[in-house]
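Below is one structure, written out as structure tokens; comments come after it.
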Amino acid sequence: MPAYGSVGSPSLRKMENGYGQRSQGFSLGRIIGDPFALATISIGILAWIIAFVSSIISAIHGGFPNFAWWTLVFMFFCIAGVTITVASDAERTYHVAIVGFLSAGLVFTTSSVNSLVYSPVAPFEAAAAGYILLSMITIVWVFYYGSQPQASHRTFVDSYALHKEGPGSRSSRPISNGYTNRPETQNASIPPQMYTSAQLNGFETSSPVSGYPGGPAGANGRNSSAPQFGGMGNSQTPTHDEQPQEISIEYPYRAKAIYSYEANPDDANEISFQKHDILEVSDVSGRWWQAKKPNGETGIAPSNYLILL
């Protein structure tokens, strides 16, 4: 079994490549599997169509503000941008840009509503209704993308998504930047025995030329009572009667699984758990936490699948 910090550890390779094996490229399955994204994008598209069709009819009647056309164009690209980032799983990368563009779009939609809502003409009122829906969806998106991934409302919304992973850290403590700082468990290899200089006296040579203790071959020193290589006296032989004491690990923290996790079959250090399972955790400073399941099974678990209680 590879050690936790070894280069060949499967979990270390997993950390280097990111949490889990996330598929790349554009996929509509990410939108379909995310109820929040599916609902908001669908309502946003419907609101844009209502505003667009009503704007055309209003322009035929005359008196339609030209500013509202720019609002339609701008919101079209905003909705398309949100759709592409969700389908490409790039929300965390572009969430700042998304919030910036949506904030500008909110100004445009509310200004268009103010220009249309007071008109007694039915097409103008229908267009105003479409812009109001666009404003509401924009507010929801700004509140979602403008919040940290560990925010309670965002964690709740993301828990229903099939293809989303949890945030990098679910605790307020800083995350360690070192990928090799993985917690030690009872499965870790026993450290090598250390010897003192007194115990190693028998390995010293009296001649810098020959490699034999007591001098070169045939010398009198070889027949002396000095300890020979591999034949040290009992007083100089390191004792191995004492077995290394097993390190007891305390689990002062409790964490709840917000996602199900299947352990890597190639890494015996990992443990599997189901969503909503309660685990005991020993340390929360790294990206992999030493955890213990209710049945007593111990191992490591990715911190982005857990939230501290």
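Placement of Cβ uses the backbone N, Cα and C atoms for every residue, glycine included.
Keep in mind the model is a prediction, meaning the values are calculated, not measured.
If you check Swiss-Prot, you'll see ILE60 and VAL117 are listed on the same side of the membrane. Contact between the transmembrane segment (37-57) and the transmembrane segment (96-116) does not hold: fewer than three of their C-beta pairs are under 8 Å, each pair 6 or more apart in sequence.
The topological domain 'Extracellular' (58-66) scores a mean pLDDT of 91 in the predicted structure. Taking H, G and I as helix, E and B as strand and the rest as coil, DSSP gives the domain 'SH3' (250-309) the counts 3 helix, 25 strand, 32 coil. Only residues 6 or more beyond the boundaries of the topological domain 'Extracellular' (58-66), in the same chain, are considered here, and those with a CB under 8 A from a CB of the stretch are 112, 115-116, 119, 121, 123-124, 126-127.
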